[in-house]
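**Student:** Quick one: this structure, given as structure tokens, is what I'll be asking you about.
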């Protein structure tokens with residue numbers, strides 16, 4: 001194999017070819033960001049925002065939940081809130097930085113090792129996978145964890161490449177220490193990254209391909225941050241294992257994903273807990289094998305697995321796996337398996353696909369390396385074209401995978417700002433609106449409590465739940481309320497995207513455009529009881 005074909009994997013693209021490919025990739029990345037970033041202030045991002053506000057206004061703050069202890073997320077957000085204390089855009093900045101930063105890191109590392117063709121193909125496979133784009137833009141820990149895990153492993157691999165270059169020994173030590181620091185940040189982002197400690201322990205016992213001194217240098221890089229965090233929590237709480245106790249008590253917090261809402265008992269290595277998580281996939285067989293089946297059945301990421309499985313089988317049977325890639329491919333397989341097994345069968349977390357982004361990234365790299373190599377060899381190009389076309393179609397019809405809950409606070413905030421008078425609402429809705437408007441606007445216009453006569457109240461109507469239960473939508477509340485404004489929040493996801501695509505070319509498909517939530521602004525005109533049949537139903541929880 002020539003140096004040129006080895007470097008680029010799919011022949012030798014010139015500067016112009018690479019520029020065009022990167023420009024197209026940047027366009028797709030921009031579309032992915034614009035359609036995936038969403039902040040709800042109702043779920044995980046609410047806890048991060050509350051903890052960051054405490055750090056920004058009353059530092060130091062000791063988190064009370066596993067969300068609030070994720071200081072690799074909370075502290076940067078607190079810093080942004082100190083710099084721009086009245087700007088809701090800070091909540092979009094952090095996810096976007098990590099989303100773009102991951103792909104910048106990706107292209108700074110892999111093209112030199114697997115070629116531009118394989119790198120672009122792997123990155124395209126990732127962006128074409130709906131679940132990756134979905135959580136890449138949410139204010140969740142998933143993509144941030146992926147960024148730090150990827151940084152740690154890339155630094156470790158670079159240190160391994162310099163193992164026989166004596167005059168680069170100093171640089172190699174710094175790379176190992178930096179890998180340890182990135183590992184510590186990954187673990188502080190979310191405890192599911194603790195599998196990396198097991199990986200380093202195995203390398204320490206094995207003594208190769210890294211010496212024990214190398215592994216200890218990694219530990220030296222991770223120790224300052226982890227020890228400082230441990231000392232801070234111990235000094236503030238008196239609990240020597242405070243973080244561990246809080247994290248393992250996460251099932252004490254009510255969760256819609258857990259049958260019964262809460263689970264009080266052992267968390268680690270507990271099959272009973274794993275069996276109680278609700279199903280998040282197309283079928284249910286057994287909790288232990290469901291996530292494995294979903295890799296090949298769940299449309300949110302199954303096409304990536306089918307692509308990689310097919311090209312791996314073809315490459316294996318034809319002997320088309322290049323020798324220079326075999327070590328990297330085996331390393332990717334090991335990381336993919338460990339990153340899947342540890343959270344699923346050790347931590348017993350909810351079997352949501354967002355916990356498997358590290359595994360999906362490894363699978364995309366395997367598919368990119370082998371797919372580009374098969375293309376270079378001229379093998380089964382028709383199959384590769386077919387698989388790539390299917391991936392592109394899935395990407396186009398699933399550009400917007402956000403839940404409508406991601407747009408609810410912003411729509412409510414717009415109504416409040418447009419009304420320009422005090423608006424009463426429930427406490428949970430007010431808390432969500434708090435983050436979406438400037439502080440002065442919130443203090444001036446948002447009220448919580450019983451609505452006085454003559455004032456307005458904002459309520460949320462769950463349109464989909466009403467249709468599923470065949471409940472009638474409450475009519476205008478004549479006599480005691482007067483409806484003054486309605487704001488519809490339409491369903492997002494692949495149906496909404498398909499609707500917009502068909503509507504843009506003059507083919508509106510009304511059945512695809514469904515309401516998800518409806519914000520209703522009423523003015524209270526009387527304290528008298530509503531006429532029979534006109535009583536307002538209690539709004540569902542947000």
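Any Cβ shown, glycine's included, is placed from N, Cα and C.
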**Student:** Would you please say which range out of 49-68, 69-88, 89-108 has the annotation transmembrane segment in TrEMBL?
**Tutor:** 89-108
**Student:** For the record in TrEMBL, which of the ranges 250-270, 271-291, 292-312, 355-375 is the transmembrane segment one?
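**Tutor:** That would be 355-375, per the transmembrane segment entry in TrEMBL.
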**Student:** So what's near the transmembrane segment (215-235) in sequence-distant terms, Cβ-Cβ under 8 Å and 6+ beyond its ends?
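**Tutor:** 60, 62, 71, 156, 173, 176-181, 183-185, 187-188, 200, 203-204, 242-243.
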**Student:** Where, among 89-108, 139-160, 355-375, do we find the most CB pairs under 8 A to the transmembrane segment (328-349)?
**Tutor:** 355-375
